[in-house]
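The structure under discussion appears below in the form of structure tokens.
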Amino acid sequence: MKVKVSRAAHFNAAHRLYRPDWDEEKNNAVFGKCNNPNFHGHNYELIVSVTGPIDKETGMVIDLKDLKDLIRSEVEDAFDHKNLNLEVPEFAKLNPTAENIAVIIWNKLKPHLKEEQELEVVLYETPRNFVTYSG
Ligand SMILES: Nc1nc2c(c(=O)[nH]1)N=C([C@H](O)[C@H](O)COP(=O)(O)OP(=O)(O)OP(=O)(O)O)CN2
Ligand SMILES: [Zn+2]
């Protein structure tokens, strides 16, 4: 029997969507206002879910306190109040789209889970734009 356990988290960050190997015209055509050279910001909402067996001794899939601390150390401390393009090494050469941010978050969290625990990351960039990544 597997149960899905979820923890919501939050960070805000600035970003710019563009490719340095494209000229301004093409960047504007593809990325529009998201290519603003002065960046723009989002209040990101994150839902991290761990699915796995319930531990017989504790009754937990994962201690939500441990999941909270993991999200804080791996995601919030790294991304909150940061310029993703300029301050987060993972995005130095990777466009910080919601898709790529979700994959980076998944990659940062997964090594901390047990083999039998499945991970899903849902990232809301705006209340209406969100992506899901499960590995
Ligand atoms: N597939 C993706 N498309 C877009 C992404 C993304 O990360 N993945 N990001 C953006 C922009 O960065 C921005 O976050 C979204 O802009 P927009 O769609 O205009 O969102 P709004 O909520 O401001 O617009 P509403 O019209 O109010 O919904 C663009 N595309
Ligand atoms: Zn944006």
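Each position is counted from 1, following the chain as shown.
A Cβ is built for glycine as well, from the same backbone N, Cα and C atoms used for every other residue.
The active site, proton acceptor annotation in TrEMBL covers C34. Reduced to three states, the DSSP call for C34 (active site, proton acceptor) is helix.
Cβ contacts within 10 Å of H81 (active site, charge relay system), excluding its own Cβ and spanning all protein chains shown: 11. When secondary structure is read from DSSP and collapsed to three states, H81 (active site, charge relay system) falls in the coil class. TrEMBL lists H81 (among others) with the feature active site, charge relay system.
What TrEMBL records for E125 (among others) is active site, charge relay system. DSSP assigns E125 (active site, charge relay system) to coil in the three-state reduction, outside any helix or strand.
Taking the Cβ of H42 (Zn(2+) binding site) as reference, residues of its chain lying under 8 Å away and at least six apart in sequence are, in sequence order, N12, A13, H15, E125, T126. The Zn(2+) binding site annotation in TrEMBL covers H15, H40, H42.
In the three-state DSSP scheme, H40 (Zn(2+) binding site) falls into the strand class. For the pair H40 (Zn(2+) binding site) and H81 (active site, charge relay system), the Cα-Cα distance reads 12 Å.
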